[in-house]
Every structure is written in structure tokens, then in C-alpha cells.
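Notes for the one structure printed next.
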């Protein structure tokens, strides 16, 4: 049999005493948690371990003795430590002794109550108690089969140390009857600032919860469900982002305690994401209001809009002629060109009508950056949508006209083949047509076919313009999604304290000596950065098209509309 003894490296210089920990019989392993120093009263030690076991639900007991010959030089110490095995009655009784400054320790076991004692091969595993205590073992993402069983064995070691937190709350300054050595022996690791923030967070969370419940009640009122407000709430990405952040604030201010590590990390990631988002928004707001940048931006906006309108007019004049040497239907070309030119004239008039108020509008819009950089980016996306609304109208007109002709040509093509579309059964059936129907169908097919190139050219040009606007909005929303979903706290934790996100452990073989137990050093193997992002990524809402290339090409060919918003995102709690 192989006996594995997990010994905390912080106890290597402890005074002589007894070893307390947990015996895992399924794995034939002993997890040493602390060393109790002399002098002590065995009854008090048993009472103390009973209280610890009642609170932690971990079967903590005395596993053996620890002898540090550098501190104690009495010859009778070894015999006294062996006699302690009859008082605490643990099988096997582990004896570990350190000889001076030697790296190689002696480790043996005693089985006084066993009829057939067997010599066991002992493996001494050193582990960092602080890292094991603060880390949470995450099985690798591709763990399966035997790997899952190994992960569960390691989790038992981690779970034993993590659940024994009460045992580590005593230090050398306590005036109790029992003196312990563990990773917090020199003082309980804590921070006054953290404790003050914990005390101050309770009333702050109560106030925030009240304000959020009030705001949520207003948002759920019937006034916002009427047509104009409900339509704006569903189409503006700013409203979607505000609703998303409202859900985050509700999660942070919730009075419910996190049930597991994933919920705790999710709350921390949301809090850090909100904090960084608001900090970046305040920096942007401070930059905008310096040196009258709002006024310069307002003065630049009108000339840019006029320049875009002039370019569109030149493009329409080019289409009304002979674009790229193509022969167009002159009558339809003139009608479409004048129709779109009139829309551009209306748009220029609308922009110049708003020009006196643009600086004031931008000044108040800039204040919204204090809500976060993501809100400011969503407002920028909505402003781009409003400024390019005429391009969207051109695209809708061209797409509807092109779609009408495509479906008309496909229906008339079925007429030539003696087919028709069965609406009830959603399939193509055979049908017999008379001569008049075939004649009228031939005329309509010829007219639509010869008018199709002119319509297709206008549709192609405006679709390219529309796709350019959608790509710009998509890049903005990608940045918003990156800020919303990136687990910043987990990544900072992985960078600074990688042992807090453990994917497993690795063992390093230390120097060996004949007649001494095998010595291993257990090191924590942290999660990779990709694994951290995949495990703790925050859910977001989809505000840009996520169609496949095949679906997008099909929509473009059939003339279906491309919307910049997708409101069926993964809004998860």
C-alpha cells in the first residue's frame, strides 16, 4: 500500500507537537491541516476538534506526531510522541520528524491495534496551504472519463482545506489553551478597508435596491407599452443597453448570497465591468467638455451631412445617365432618380432646420456618458442611424421594388411551365391555363424582365450603402458587447493571483535520498486565459446581425430587408 501524506509547507519550521487533519480512507491519504504545540491537555484538544468538526462537517482528528529536532533535543521526546498514539487512537499513527536543517525528513507509521501490520510506502506531498485554501479547483473543460475521477480525488483535498476555515481563525496571539501553526499563525489575513467596505455596502445596497425597484416599476408601467414609446424602446440600442445595465445592477444589489463560486465570480465580473464602464464614460465626458469640443463637433456635423447629401445627389445623377455604359430604361430611371432626389432635398431641409439646436442636443447627449462608455457608444450608434435614415429609406424602397419584381418573375415563370404555388399546402402544383392567361402572363413577364436591370442597379447601389452603415454600427456594437461580456475581474485575478482559478495540480519531484520517503511538491495549474473567458463570460444582448453568409446572400438576392438590430439575444440572469 502507498500512503500519501499532504503536509503544509508553512508548518515545516513549526515546533514539535501533534498533527491534526483529515484521514481519507478511500484514497489512503492524510491531509495535515495544522500542528498543535506543546504543552497541551489531550481532553481540551479533543473538545476543540469536536467543535471544529461540528461547525465544518469535516472529520478532523489527530493523525500523528511532528518532531522538530532543531527545537527539541530531549532523548525521551520520540518515546513521548509514540505514547500519544495510545491517547488519540488513530490507525495508522503517522510520525514525521525533521532532523536539523536537513531537507530529508523521516516519516513512518505505527499500527499498534493491527494484527498484521504491513510496511507502507510513504509519499510526502508538500502543498501551499494559503493557495489551496483560496483556490477553487475547476475541472478542465475537456475533462472526461478517468480525468474526471482524478479531478474528483484532487477536489477532495481542496475541499478539506477550504471547509476547515474555522480552524485557521486562531493565531499565536490568542490566549487560548491550544497553540496552532498554520498559514495564518502570524495573524489572520484581512484588510481594514475591505471590512469597512463590507459594512458600508449593506445600506448602499438597500438604497440601490429601492431605487432600482422604483425605476423598474416605472419601466413596467402601462405608459411605456403604448405604440410610440414601445416602438422606440425596442428599436433604440440605447434603451436596450440601459435595460441590460439595469439587470446587472439588480444582480449586484441583490440581498441573496452567492450559492457557489460561479455566482460569486459573476457578481464580481459585473461589478468590475460596471466600474470600468462608468470610469471610461466619465473620462470621455471630461474630454468632450474641454476646449469646447462639443461646439466644434456641432459645427463639423452640418458640413459633413451636406457633403454626404451632395455625394448622394452626384451618385443619383450618375445613375440617371448611363452608369458604366449600361443601357437603362430611361422612363423608369428618370422616375426613380427624381423620386430619390426629392427625398434628399427633404433631408437637407430637415438637417438645416435642426442646425440651431444641434449643439444643445449634443451638449445634453454628452452628459449621458456618465452612465458608461457603452451607453455613449449606443447613443452614437443611434445618432448614426438617425443621420443615415434617408439611406435606409432608399434601401427599403429599392428592396421592396426589387423583391416585387423577383417574386413576380418567379410566379410568371411557373405559369409558363404549367405550375402554380399552392398557398394552403405550401407547395408547387400543376395547373392548366387558357390562352388569354398565357398571353397576359407573357406580356407581364416581358415588361418585368426588361425593367429588372434598372431596378436591380438601384437596389445594388443602395444595398451597398446600407451595408456600409450596418458594418459601422456592427463594429460599435461589437465593442459594446466586448465591454459587457468580458470577465475583467476573472482576467485580473488570473493575472495577479492565478492560483485562485485552479484547473488542476501538477507534482514536482524533489531531491531524493535512500531510505527516505518520496518527496513531491504540489503546484497549482491555473486555468488558461481562454478557459477563463469561456467559463466566466457574461451574457449580452445581440444588437447586430448574426446570420450566416449563406442566409445573408439569400436575403440580398431575394430583396429581403436587413435590420441592424436583433432583439432575441441571450439575456440570461
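In case you wondered, yes, glycine gets a Cβ from its N, Cα and C as well.
Not measured: the values here are computed from a predicted model.
For 200-219 (among others), the entry in TrEMBL reads transmembrane segment.
Annotation comment: TrEMBL describes 270-289 (among others) as transmembrane segment. Among residues of the same chain six or more beyond the transmembrane segment (270-289), those with a C-beta under 8 A of the stretch's C-beta atoms are 245, 248-249, 251-252, 297, 366-367, 369-376, 483-484, 486, 488-489, 492, 538.
For the transmembrane segment (335-354), the list of distant contacts is 302, 305-306, 309, 312-313, 316-317, 319-320, 361, 389-390, 393-394, 397, 454-455, 458: same-chain residues at least six beyond its ends, Cβ to Cβ under 8 Å. The transmembrane segment feature in TrEMBL is assigned to 335-354 (among others).
Feature annotation from TrEMBL assigns transmembrane segment to 361-388 (among others).
According to TrEMBL, the transmembrane segment annotation covers 394-416 (among others).
Residues or ranges marked as transmembrane segment in TrEMBL: 437-461 (among others).
TrEMBL lists 467-492 (among others) with the feature transmembrane segment.
Stretch with the most C-beta contacts under 8 angstroms to the transmembrane segment (361-388), considering only 394-416, 437-461, 467-492: 467-492.
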